[in-house]
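Structure first, commentary second.
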Amino acid sequence: MALRSTDGKDDGPRHVAIIMDGNGRWATQRGRPRLFGHQAGARRVREIVEACPDLGVDYLTVFAFSTENWKRTQSEVAGLMSLFRRYITREGKSLKANDVCVRFIGDRVRLDKKLVSMMDELEALTANCQTVNLTIAINYGGRDEVARATKRLARDVADGKLDPDAVDEETLPKYLDTCVLPDPDLVIRTSGEARISNFLLWQSAYSEYEFIDTLWPDFTAEEFRSVVGGFGTRERRFGAVVA
Ligand code: IPE
Ligand code: IPE
Ligand code: MG
């Protein structure tokens, strides 16, 4: 199946990245525990993924757990990890059936072995899917990613596989977790916070940003379509003067 729909959506963002924020506040507003908000948030992902093909969005990357989120209570962290396992079990077959290629970014070393093997299996199951590329960031931090990439790069230099004088801005991204992905064109953050929180630092150098007030569990495909639709009106200059 073709990656891009052919209905004139070529001005739209090819890669959309989302900081799915606001689950905790959504639950608190309802007098419920924070995990209730995370569960509602996880259910939202499906309709956003399903909206991508018609919008010409080939790549969707979602921030699920940051390297800083370990600072939360042990029970919230454990609840989130168990939610990721349940998400993979529950959604795996339908992602494959919808031709969604799933990848995970972030440092797997600190994740529980069972979760990591489920992540590996879902990546293998969907490796040949092409309609949408869904990347899920778990234990992901932009600084941590650059540090891990630099470590690998330094090893290649030490092993004589890479000439330090040949290192340029095309070299480093080959070592990032996102090496097979294009840079995001549009980064959306829900919940009204206007900050990056360590998401895709290198990759979003020229991304457009949309900070919207909606809390993630209330973010609908309709709102997604409207935010993506607004992207076409932006003028991206990449540092040049546009006549
Ligand atoms: C985003 O929602 C999900 C994660 C960071 C895991 P939050 O849990 O940060 O929700 P708020 O920001 O506290 O409302
Ligand atoms: C960013 O949200 C991380 C995720 C959405 C997974 P946070 O809620 O952790 O970010 P801060 O703490 O408000 O910056
Ligand atoms: Mg938050």
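The backbone N, Cα and C atoms fix where each Cβ goes, and this holds for glycine too.
TrEMBL annotations: computationally assigned, not manually curated.
Pulled from TrEMBL, these are the features on record:
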{"type": "ACT_SITE", "residues": "ASP21", "note": "active site"}
{"type": "BINDING", "residues": "ASP21, GLU208", "note": "Mg(2+) binding site"}
{"type": "BINDING", "residues": "22-26, ARG34, HIS38, 66-68, TRP70, ARG72, ARG189, 195-197", "note": "substrate binding site"}
{"type": "ACT_SITE", "residues": "ASN69", "note": "active site, proton acceptor"}
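TrEMBL feature annotations superimposed on the structure.
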residue	record	contacts (Cβ under 8 Å, 6+ apart)
ASP21	active site	ARG189, THR190, SER191, GLU193, SER197, LEU215, TRP216
GLY22	substrate binding site	GLY37, GLY41, THR190, SER191, GLY192, THR214, LEU215, TRP216, PRO217, ASP218
GLY24	substrate binding site	ARG34, GLY37, HIS38
TRP26	substrate binding site	GLY37, ALA40, GLY41, LEU215, TRP216, PRO217, ASP218
ASN69	active site, proton acceptor	VAL77, LEU80
TRP70	substrate binding site	VAL77, ARG110, ASN139
ILE196	substrate binding site	ILE19, GLY142, VAL187, SER204
GLU208	Mg(2+) binding site	PRO13, ASP185, LEU186, VAL187, PHE231, ARG234, ARG236
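Taken in sequence order, the binding-site residues THR67, TRP70, ARG189, ILE196, GLU208 that lie near ligand 1, meaning a CB under 6 Å from one of its atoms, form an empty set. When Cβ atoms from all protein chains are considered, those within 10 Å of HIS38 (substrate binding site) total 24, not counting its own. Considering other CB atoms within 10 Å as the measure, the emptiest surroundings among the binding-site residues THR67, ARG189 are those of THR67. Screening the binding-site residues TRP26, TRP70, ARG189 for a C-beta under 6 A from any atom of ligand 2 leaves none.
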